[in-house]
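Asks: Got a structure here, written out as structure tokens. Questions coming.
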């Protein structure tokens, strides 16, 4: 008799089996088993085989096809065959996907149960007599099995997969993990009376030669790569490595680019730098020698023969080129326009100020429509991006990815222990968290969380109201991924124990060891008979609920992981708010939970957003202090104090405050206008744009005010004429920088990255509005302040007037320092080569390390220093072994109803070796390369196993055709398909007829293949269940610990999906596969971040070049020098990023785009001052430009920003410290050093020649004035 309920494989006997007539060992069933209640013994019978009744022939043919017993005389009756069929249901469901494996296993059990030559290899060793029935039962037998047969059977089955649980089938049938299973211990386990299924003892004896007058059962076997006589093909590659051929070898990791064992970029840049130095120093020495011989001045130009003032040599228009004339005309046009406009603003200050206030109020009123985007998806992923489209498809067809609440629990107790299995085997160490006492405490904690109640409005929200319950409404238990679900989340089950006064046969240890190897099992086949399947109806994979173990030794776990998946409601605000309310209560409870024996790290779905908001609120004071310092400096530094007595007269606090108000007004106007247009704001816009506009705006304010302070009003010149003239001098420079930045930012909005695009739009408009307000409102306010000052009225208290006193105009300290000390020193003949050598050296270093800047954003950086989420991130990296789930989605259009369509996706018998499932399986075997950690769960393979007629899974009511679950006992339930139909897969309408039944079937002990829990959400049925739309095949990434891991995982998954798509479409079919994981939408930006950075910065530089060329009077060379210097600043920014550990991501890219704009401020004013200068030589022109513009740039940007930036270092936020303090400081320091040190030196060497048309115009303008002598000096 076959062992009742044993988890054993199936048997198909050899097609041509020669049977030698022998006597039987048993026949029929009698006597109840004393070892396994509900099971029966076989009756002792030593007579000849008996003919099988006619109504048992079909059953024998079904179970043991190929048995040729002549007159069907066998050693079993119909009842034994029915018992055999019932007991083989579970093995059939998992092993029949490999026909050869199933064939060999049925050999083993058909021979055991029914063979007419039983006595050759089966020996009864123990009997019991029943006086009531007068029958003798067989209580123990010895089964002689050929070792070769056993090995061949194991080899054919060892690779068979269980698709729904991502493990090998033998893990479910061997009593231990498949890696520890072999031919002998597998058979020994199946025949062991202590496994809770075998009603009597069967002792297997393995031998290939006769012994003890017994001949071993050595039937012929089939290899998994062989076909069967019934037409069944070889097993699939996934289930049989012999079919696969050699495993693909992943390509070797690319070797680092080296030259002579050193980094190639470093070597190249060192060589380039040395070559440059030799050429440059050689040129300097040759020129110096030449000039010494020519007795030239130290300040003579190196490459210019014009030793004296150019103005003396320009006497007529013949020497002026057409381009120079055009440039001069454009310059005059700009100067005249701004002069007239400035004069008008001074004439009508109140009108201008009032109009400005009305404009600012109207624009800023749009803030009432302001929307701030905090959704990370909207911030970092373009609506047109591949990841967004794929996410939307996934959410639409399968529902949004669930929200995750996760706990990582360790214990402070030293409770590690050693478990000694009663049934033999080596001792098994158990980690401290797996101590039963600790597990009881964790279960109490877990139960408390399940029972948490949160208030939402007038309702009470519990976990059961929002949790993921895959079998609802049949089973409303929440999905809880916890090791305690192996014990049904029950203290009672955890305490289950079988043993006697001396030994423990089974307890929570043995159940744990079984469940981690067979998580989908409904019965651990041991003495306890407890299920492993979670209470929610699905498997609990050990790699999801345990942490800190080595390899697959889950018993060594040092951490427990508990995950509560919660339904996500993207389009249902009410339900989403309930989930948020419960999560808030969950966070509060866990924060306040105390247990001296447990250490708990945790995170909820809302945790990151909550902590970012808390971080933003905590940094408000830091930001306010930073801006306050800058405001105070601006207010005080604008004044030019000559005497202490006139301190309150000459100070410009009120004007400084007004200037700051104008800067901030430009920001609010920009925000308001785009809010009118419905463009949402982002936190980056709010945090970065004020810094940017303050830099640009304050620089312009200092230029205007300090130019006035240095200027002397000419005879017969009124105030409005003076300010108009001053504005005509400086406004073109302001217009140049502002328009360059505006165009650069607006072009930056072409970026696909939403955060960069939004920043660019808001920044471009804010900068331009700031310029308009400064040349209008600020000019009017400046004129009013000058009138106040000239009438000796106090600043702020303008109604108070001092006695009249003679005002003496003197130069400011900073201007005097720049003109008399700094500029002459920087431009000394021996200093300039050192400056060039130093800056080119820094540039070379930066180029060498640019490709070494890391890409990505460590999620830890987004958290405050004191955040509980930081501890969770640390524990996650330390303990977790599995990455996020990844879904390979087959979009609508694939035809599953044809054999060809099925073969291109499935992984079982007859499926293509390059099918979707097979490619994913192969990828999982190279997990270090592909980042795919496990074989996929395959709904179509489980469906084919489920629908087989040999299985009891697919049944319908004979009368109505409705589905009949395997657990239903009803004679009117019949198989969905006949044995003849079962030889081929269902296709066409038949495929669709039974698929909805499979997807609604709940797993049960008689059918573990029901697809409701595992696949109901993964198959989208369309057209009233008559066709299959989108489907997915799920697996997991390997553990991903940093941005590089996440980026590589996404990249490899997409490559794999593209390969699958190509193999599924050999003739251009409509099938398309894409990979989806919840993190792809955030990390996709990093696949193109390098090209996006190059594009954005390239577009910005191009805009600066074009605008500079036009506004400098078509001086292309000047524009090239500006762009060269800005490029150097940007490249050096990458060097700083590498040195300071700043990664390249959307935040740093926004800062780089901003640095391009601020760099224009550092460079354009100096270059324009050089361009319009008519001094005699390049050195003199550079010195003049540096003296007059350098001091304003230094005081307007460098000093203003420096104090404010230093305060950012006090922020608790790591992201502020790294991406704002460090990058802002680098922007200001690099901008200042390049604009105020390198650029003047560069202009002294290679600056453009004087525009002769401008020189003539300047000479004519000042003919007969004091300034004519200075010009000709």
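Using the three backbone atoms N, Cα and C, a Cβ is placed for every residue, glycine included.
Pulled from TrEMBL, these are the listed features:
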type	residues	note
DOMAIN	619-784	domain 'SSD'
SIGNAL	1-21	signal peptide
TRANSMEM	267-290	transmembrane segment
TRANSMEM	350-370	transmembrane segment
TRANSMEM	623-641	transmembrane segment
TRANSMEM	653-677	transmembrane segment
TRANSMEM	683-705	transmembrane segment
TRANSMEM	759-784	transmembrane segment
TRANSMEM	830-849	transmembrane segment
TRANSMEM	1094-1112	transmembrane segment
TRANSMEM	1119-1140	transmembrane segment
TRANSMEM	1146-1164	transmembrane segment
TRANSMEM	1185-1211	transmembrane segment
TRANSMEM	1223-1246	transmembrane segment
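Map the listed features onto the structure and describe their local environment.
Replies: Averaged over the domain 'SSD' (619-784), the predicted model reaches a pLDDT of 80.
For the transmembrane segment (267-290), the residues of the chain that approach it from at least six positions outside its boundaries are 259-260, 302-303, 829, 833, 836-837, 840-841, 844-845, 847-848, judged by C-beta separation under 8 angstroms.
Using a Cβ-Cβ cut-off under 8 Å and counting only residues 6 or more beyond its ends in the same chain, the transmembrane segment (759-784) has close neighbours at 338, 341-342, 345-346, 348-350, 352-353, 355-356, 360, 363, 655, 658-659, 662-663, 665-667, 669-671, 673-674, 679, 681-682, 684-685, 688-689, 692-693, 696-697, 700-701, 704-705, 708, 719-720, 723, 727, 731, 734-735, 738-739, 741-749, 751, 1150, 1153-1154, 1157.
Beyond the ends of the transmembrane segment (1094-1112), by six or more residues, the same chain brings 327, 330, 334, 732, 735-736, 739-741, 743-745, 747-748, 750-751, 756, 1118-1120, 1122-1123, 1126-1127, 1130, 1149, 1152-1153, 1156-1157, 1160, 1164, 1167-1168, 1171 to within a C-beta distance below 8 angstroms of the stretch.
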Asks: Between the transmembrane segment (1119-1140) and the transmembrane segment (830-849), are there three or more CB pairs that fall under 8 A, provided the residues in each pair are separated by 6 or more in sequence?
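Replies: Yes, the transmembrane segment (830-849) contacts the transmembrane segment (1119-1140).
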Asks: When you scan the chain for residues with a C-beta under 8 Å from the transmembrane segment (683-705), skipping those not six or more beyond its ends, what do you find?
Replies: 372, 374, 379, 616, 623, 627, 630, 634, 637-638, 652, 655-656, 659-660, 662-664, 666-667, 670-671, 726-727, 730, 733-734, 737-738, 741, 755, 758-759, 762-763, 766-767, 770-771, 774, 778-779, 782, 1146-1147, 1150-1151, 1154, 1157-1158, 1161, 1165, 1189, 1192-1193, 1195-1197, 1200-1201, 1204, 1220, 1224
Asks: Using a Cβ-Cβ cut-off of under 8 Å, list the residues of the same chain that are 6+ residues beyond the ends of the transmembrane segment (1223-1246) and lie near it.
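Replies: Hits for the transmembrane segment (1223-1246): 301-303, 691, 823, 826-827, 831-832, 835-836, 839, 1121, 1124-1125, 1128-1129, 1132-1133, 1136-1137, 1140, 1142, 1148, 1151, 1154-1155, 1158-1159, 1161-1163, 1166-1167, 1170, 1178-1179, 1181-1183, 1185-1186, 1190, 1193-1194, 1197-1198, 1201-1202, 1205-1206, 1208.
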